[in-house]
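Here's what TrEMBL has on this protein:
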- D90, D92, S94, F96, E101, D129, D131, D133, E140: Ca(2+) binding site (BINDING)
- 77-112: domain 'EF-hand' (DOMAIN)
- 116-147: domain 'EF-hand' (DOMAIN)
Amino acid sequence: MFQVSRVYKIEGLGRGGLHQLAESSVRIHSSLRAKPELNMSFAGLNDADVAAALAACTAADSFNHKAFFAKVGLASKSSDDVKKAFYVIDQDKSGFIEEDELKLFLQNFSASARALTDAETKAFLADGDKDGDGMIGVDEFAAMIKG
């Protein structure tokens, strides 16, 4: 992420300056994750359904992406709504959802949600990444949700 490159570019600053920028970078990174409850509202997801889906996977290694998609109602949404959800999850706007973005998948629905475990993240990626490039594209994401 760009925050790391900014930290490395200021090698000449004293320790206090580097600390101050690192702290600032964290704030920038946090602000990139806009309020998740608002992010998914455009897709017509019901708050109660989202809360129930999140509650069903609070324990580590309890996340099942297919069950989650069904519970939040994303599986029944239009292709356009699914694509809108994809672009919210694609935090770096690369056009792909990478492993680090999948790890924080639940936080797109609630800022207080847990991160996925490594096993959950890898299973999620393996199911969605049909072309083997290590990322999930918008069409792969739509197929995974609808499939």
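Using N, Cα and C of the backbone, Cβ positions are placed for all residues, glycine too.
Counting residues 6+ beyond its ends, the domain 'EF-hand' (116-147) has Cβ neighbours under 8 Å at 60-61, 63, 65, 69, 74-75, 79, 82-83, 85-87, 89, 94-99, 102-106 in the same chain. Counting residues per DSSP class in helix, strand and coil order gives 20 helix, 2 strand, 14 coil for the domain 'EF-hand' (77-112). In the shown protein chains, 10 other C-beta atoms lie within 10 A of the C-beta of D131 (Ca(2+) binding site). Around E140 (Ca(2+) binding site), the same-chain residues at least 6 positions away in sequence with a Cβ under 8 Å from its Cβ are G128, D129, K130, D131.
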